[in-house]
Amino acid sequence: MKIARPHLSPPFGGNGYPTSASENFRPAMPAPHLLPKRVFVGAIISSRSATDLSIIERGILGVGSGGVIRFLDDLDVLEKQAPHPTASAASTRSNSTESSTSASTSTAGTSSTIDDRSSTPVAIRGSTRSTLPDAPELTSLEMPPPAVPSPTPAQPSLDERAQREQQLIKHVLDKHGWRHGQYKLTRLPPGSFLCSGFIDTHTHACQVPNIGLGQQYELLDWLQHVTFPRERRFEDSRYARKTYESVVQRLIDSGTTTACYYATLHLDASKILAEICNERGQRAFVGKCQMDRNSPIDYIEKNASQSIEDTKEFVRFTRSLRPYGQPPDVSSPSMSPADLHHTSPEMDASIARLSATMDELMSPTSSKPPSEADGSPSSAKILPPSARSLVPSSARTSVPVVRQASSSSVRSARESGTSTPSRQRERELNNALVQPILTPRFAISCTDAMLTGISALLSRDPTLRVQTHLSENEGEITFTKQLFPFAKNYTSVYDHYSLLGPRTILAHAVHLDADELAIIKKRKCGVSHCPTSNLNLRSGASRVGEMLNMGIKVGLGTDVSGGFGLGMLSAIREASVVAKVLAFQRAQAESKEEQDALQATAPPTSEQSQAQAQQPLAGAAAVDGRYPGPPVAGQYQPRKPHSIATSTLNHTQVTQSVQDPASSLTSKKTIDFTKGPLSIATLFYLATLGGAEVCAMASRIGSLEVGKEFDALLVQTTSHWGPAGYTGNPGCFVEEDDTLPDVFEKWMFTGDDRNIGTVFVRGRVVGGAKPLRD
């Protein structure tokens, strides 16, 4: 007998999932203001800290109509705390009826689930009389009924467990005032779980079409031969829209709920990227690249002044976008219509004052050397061969612009309470999913005037964020030192212009010395670790473990197309490899030190003894060579134990509880992130909560906690009813007896976008391989 399924219009199939690719699943605009409340029952995984991972095997999570997590409970904990519920026959029938509706997606908004056709049939107690007409009654001799063992208190039947779980769910929902019929219920089958969405802290949207190209180049040659020619094409707005439409959805389907995008230097194309991110519902920080020197003649901004004006226009445009899902009658939270067209005389005056100050301080009586950051003839002579061809003739003959001699006043204004944005202003700006971010490409591509103008923008509006590259390649570092001779190191260049702060994202940070790490920590900057790109372009290995020990904020970035992995799973895996390689190097160095120490203190061989006997003793204080004497200059000294820097940040001096089997006392053990590989908890932290801290958004996203916005992934590692036993990813092999931590680790290292069923941003379904219906 066939069971009629409810008709679902295309592209949705019988289980509530689209049968086609998610590129056809584009959210309609304008999006509805209020979402249906959602309740998820199943496995939930989230990061707590750099060493702690929250794994709930049977949890319940509620998302309100505004996309904020309203409650999160562990049903196993609730079941242990409360006595076994006893229900009347009427309530049992009611609960059974209600739970039976969760076998399919309800269009009325009551409940939905992932269809699990592997459920084992359960024998039903009762009469064996057939319901067909004129059928004789069966006797035990003709066909005995199946043997059903009587349930015991220790082993309740499947029906009793389902009823008990349903009563726990009802208890939780009643406690929070959620009545039946006002929410959509989704039950997650084995092999599926909810986790936090990925945060890509550094990627180039304009370079995605180049992904996989240029494997033979290092950074500067790669820019010249592969990257800049591609980025020039975005001068065509039609090409920009076509490309960015695909790029944004690809990142969403790969599980990236938040992305820090580099666009090109073209204003119109950058606006298009911001608009598309807003339309697709992705949380994004979009930056128009700023670069007015050391770039190809056909891909460079005319001057710093025009670049600053275009950036101001881009900031105004981005903040004028209606936040995704907000009613049309609500104006932009940051700008009134009159603000969209004025030229901001205050900003012009601020830049003029800074220029006047620089002119006065760098008068002929000043003894400080001029900067070579303007592409002057003197600076053109010191360009490396790979970068000399990038400098246009106009840049080589430009008039030098003197540098700012002191930025202490600007920095003190930024760090004082007067320049700190109000909480109300902060809330208004964060309501927008897409926000502008100031983007000087890197120090090599920016003149003094450009960096000064960006600093003025930042001092006027401290709610803005900054992203740039830092210390990626050794050739880049050498070039930077030549262009900025006044700076002690690469990091000091940005610090000189007051571009370092809690809202600054520094990508790569591979070759940093101790002074640079100290500056980054002091300024509370965030570092975007891009392991795939760093290895692919032969830049080096960033010492993330040392940064975590120091309390520096660290997240992960894909850095496409320097990196060849579009999604964050590739960055997670490469970060694990880099940590292991660094651990190998450290272990080899320590082993060599130990061998040298043993050789220095070992008794001499017979040949060495004879040679020493022939040499005259150096006075009566000479010591027998067979026994070590007092230490002398140049002699090996025992290495001091490695110490971990302490800080007031929560994840700096991380501790974990270690239970001693022989004692009931709990000791505290300090974790050194440089020792051995990074744990699964640390890797997932870098891709989620760590990225949120880098973006200064940890209070809103990065983990599944009550009060945070629901940016999450619904991961499906297996379909038990599939003929092949998997959901299209043959590399992700999950078995029925795998524990939830095992399933999670397998997905992190073998999963891909085919296992990401649904992607949520602020509670809305924005993509995925098989997205749920909103």
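The backbone N, Cα and C atoms fix where each Cβ goes, and this holds for glycine too.
The feature region 'Disordered', as given by TrEMBL for the ranges 229-251, 321-343, sits at 321-343. Residue ranges 1-24, 289-312, 457-480 are listed, and TrEMBL annotates 1-24 among them as region 'Disordered'. Break the domain 'Amidohydrolase-related' (675-766) down by DSSP state and the numbers are 28 helix, 15 strand, 49 coil.
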